[in-house]
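Q: First the structure, then my questions, so here it is.
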Amino acid sequence: MGTQKVTPALIFAITVATIGSFQFGYNTGVINAPEKIIKEFINKTLTDKGNAPPSEVLLTSLWSLSVAIFSVGGMIGSFSVGLFVNRFGRRNSMLIVNLLAVTGGCFMGLCKVAKSVEMLILGRLVIGLFCGLCTGFVPMYIGEISPTALRGAFGTLNQLGIVVGILVAQIFGLEFILGSEELWPLLLGFTILPAILQSAALPFCPESPRFLLINRKEEENAKQILQRLWGTQDVSQDIQEMKDESARMSQEKQVTVLELFRVSSYRQPIIISIVLQLSQQLSGINAVFYYSTGIFKDAGVQEPIYATIGAGVVNTIFTVVSLFLVERAGRRTLHMIGLGGMAFCSTLMTVSLLLKDNYNGMSFVCIGAILVFVAFFEIGPGPIPWFIVAELFSQGPRPAAMAVAGCSNWTSNFLVGLLFPSAAHYLGAYVFIIFTGFLITFLAFTFFKVPETRGRTFEDITRAFEGQAHGADRSGKDGVMEMNSIEPAKETTTNV
């Protein structure tokens, strides 16, 4: 195999794809800053329509619906990934669903002019559908066009897009930018611009060569794209690996969601995929951001929103750090380090929150714990669950696996958002003990069950799971440790 290079074509394609990740992050964070203003809009709109102000219960319910329906859309969208990528391809799917982003952005951006709360809620649902689809499309596309030796580093760019989106939403949400009573519809409707930008750029990006060869049997086209993306003429080994996978796929029928759980060679990787997604959402990261503003205020920070933005900057910085570490330390190691560090920090947060009224310095200890907690999240549990799913499966089951994993992520996100406020009300600072328990459980699971995928081709990983499943069927034993001991594929020299 020839020396692979990080070419401008590869960087361009990955950058354009991560606009979808940015959209997910932006629309996740954008609703928080203008909460008070949007509640006033809902109150005024319903008062004008009904000639009487709505009850506090109705007002709170409509606001909660505006926030939560985004996750409902995400669940539906993420579960629909396979319907698009198998029919239209990876690139074309990203292009088509930008129609949803424009539609959702228009609904949200025009809801104030139309004096329609329904448009706001419908817009959040549609943009949730779009973001749910993006959480499947982007990691899949990046994983399939990246050289094996850099697949993890480029996969981390998906998470970088998400955290940059959240940070931009926090900054744009400041009152003197777009978070004012007059401009908040533009804040929500801004999502149209990245959609237009991505739609204009995607036609200049190649389709996934794996999709072209394995799904469409276009070997010559796939070969030319690989040569252009990787900057080498000798891609024969990669083409042969795809052809072998294509031959295996031709002997199998299309994999359904139920078959992921029924077939022994798919069962373990799909369980690993789901648990890793749960480890992200049940880590307590959203709870920490929920608490952060109040904690910063208690510590004497005059404008806690700026401290929250500071946490967002830490978020971004350590995602970049993870980008450089993931191909050196490996996915499994970084995920365990992240989970272990977060467990320690969540314990420290519980102690400092309980003692902050008695000891002045404890508020600052808690702030430090929050920032380090966020840093550990972005080292492992933030980026790794998104792209490792694409690594654990071959071309046939990959779309169904991405759909199941994405849906489990969105569902757990929805449940945490639904249940956390009540848990925080009844448990107070002790609520973080729950997350500590989850983190320790996920750490143990990762140690015993999750294989290292660094430096392995998709074919290597798939064959390892198949061998493990056959061995388990014969002996009744679990073969995970054998998989963890497999040597990575011979690494290709990669020039930047």
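Glycine is treated like the rest: Cβ placed from N, Cα and C.
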Q: I'd like to check whether L62 and I461, as annotated in Swiss-Prot, sit on the same side of the membrane - that is, whether they share a topological domain name.
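A: According to Swiss-Prot, I461 sits on the opposite side from L62.
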Q: The D-glucose site in Swiss-Prot includes Q280, Q281, N286, N315, E378, W386. Which of Q23, Q159 is also listed there?
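A: Candidate in the recorded D-glucose site: Q159.
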Q: Write down the residue from N43, N409 that Swiss-Prot flags as N-linked glycosylation site.
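A: Per Swiss-Prot, the residue annotated as N-linked glycosylation site is N43.
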Q: Three or more CB pairs closer than 8 Å, sequence separation of 6 or more: does that hold for the transmembrane segment (332-352) against the transmembrane segment (400-420)?
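A: Contact absent: fewer than 3 Cβ pairs fall under 8 Å.
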Q: Relative to the Cβ of Q280 (D-glucose binding site), which residues of the same chain, six or more apart in sequence, are found under 8 Å away?
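A: Within the chain, Q280 (D-glucose binding site) has Cβ neighbours under 8 Å at P381, G382, P385, N409.
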Q: For N286 (D-glucose binding site), what is the tally of other C-beta atoms lying within 10 angstroms of its C-beta?
A: 17
Q: Report the listed stretch (11-32, 65-85, 91-111, 305-325) having the maximum count of Cβ pairs within less than 8 Å of the transmembrane segment (184-204).
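A: Counting Cβ pairs under 8 Å, the winner is 91-111.
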Q: Long-range neighbours only, meaning 6 or more apart in sequence with Cβ under 8 Å: which ones does Q159 (D-glucose binding site) have?
A: S21, T319, S322, E378, G382, P383, W386
Q: N43 (N-linked glycosylation site): which of the binding-site residues Q281, N286, N315 is the nearest Cα neighbour?
A: N286
Q: Which residue counts does DSSP give the topological domain 'Extracellular' (175-183) for helix, strand and coil?
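A: The composition, in the requested order, is 0 helix, 0 strand, 9 coil.
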